Amino acid sequence: MGAGGRMTVPNKWEGEGDEKSQKPVQRVPSAKPPFTLSEIKKAIPPHCFKRSLLKSFSYVLYDLTLVAIFYYVATTYIDALPGPLRYAAWPVYWALQGCVLTGVWVIAHECGHHAFSDYQWVDDCVGLVLHSALLVPYFSWKYSHRRHHSNTGSLERDEVFVPKPKSKMPWFSKYLNNPPGRVMTLIVTLTLGWPLYLALNVSGWPYDRFACHFDPYGPIYTDRERLQIYISDVGIMAATYTLYKIAAARGLAWLVCVYGVPLLIVNAFLVTITYLQHTHPALPHYDSSEWDWLRGALATADRDYGILNKVFHNITDTHVAHHLFSTMPHYHAMEATKAIKPILGDYYQFDGTPVYKAMWREARECLYVEPDDGANSKGVFWYKKNL
């Protein structure tokens, strides 16, 4: 059938060259949906849109308490362990602390959406402190991320993870389109992807001049936003200076073990979560002839991270609802998701594939986008893999 309907196309989901592993991809419909945003909103209980300052702070307190407990246990007991146990204990600490700090990151992200409380100044103060502590320029990313939400799924205006057409793929892509190349690409993306995006706009929208999240006069920002970009930079400088003083007092190796490696895990999770939310063989992208806000917002996928769904405050498995109503607090998002599923029908995309398998599959299957053949397919682009 045409690109407007829910379409089944052949795709290898597991393994390469294994015919038994072939399963069909059920594409999300790309035609204009038979429902409106207001109809979706009416299906959600009204209390889901209410923000509680006390409840939001309770999540901050809970996460920071866990951070403090893990820090205390690590710095008090790990070095006292025998050698082999010590080397085994540090990775456990890194994993636990990295996961909890990712939850802290998500709360700061929620502040940027004004989903933390009814008071914008409270949201901005909390978000600035939490994100700065994780070396994220709060206001800078808040504004670029807002543009992503305003233009999701648009090949011409989306802010990040914008897929390229085949004609614009770099020359070296074909040399990386193999298992060793994918492993190398994933390692670089997970370790360096987030800081490179902030500093050099890597994987971001290609502006006509150099773009950087730390530059108040860069093309990402308007004149009205520049003062707050300075504030973000001050927050980063304050956090960096604090880390410098800690390293001077305790040693760089101590700082890397206690803070640096968990932060690396936070950054890796951030890239993984964002990539898998917007990259899937079933999801369409649109050019200006077809794009509209609702279809773009629906071109996202919910994923299953197991117990980490709760640790990450359900940003992983309620992302569709988040894109539709970004000021909704996370503690109501599960209820809202259940309420909107019957309305969305085939327009709702959930994939329960284990995360490590999904990352590998998407790295293999989702290399570039092109429209399908046929007049009815113009303006709607789908992921392809044959370079």
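Every residue, even glycine, has its Cβ placed from backbone N, Cα and C.
Here is what Swiss-Prot says about this protein:
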- 58-78: transmembrane segment (TRANSMEM)
- 88-108: transmembrane segment (TRANSMEM)
- 109-113: motif 'Histidine box-1' (MOTIF)
- 121-141: transmembrane segment (TRANSMEM)
- 145-149: motif 'Histidine box-2' (MOTIF)
- 183-203: transmembrane segment (TRANSMEM)
- 229-249: transmembrane segment (TRANSMEM)
- 251-271: transmembrane segment (TRANSMEM)
- 319-323: motif 'Histidine box-3' (MOTIF)
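No contact links the transmembrane segment (229-249) to the transmembrane segment (58-78), because fewer than 3 Cβ pairs that are 6 or more residues apart lie under 8 A.
When the motif 'Histidine box-1' (109-113) is classified with DSSP, helix, strand and coil residues number 4 helix, 0 strand, 1 coil. If one looks beyond the motif 'Histidine box-3' (319-323) by at least 6 residues along the same chain, the residues whose Cβ comes under 8 Å of a Cβ in the stretch are 149, 152, 277, 297-298, 300-303, 333, 336-337, 340, 344, 348-349.
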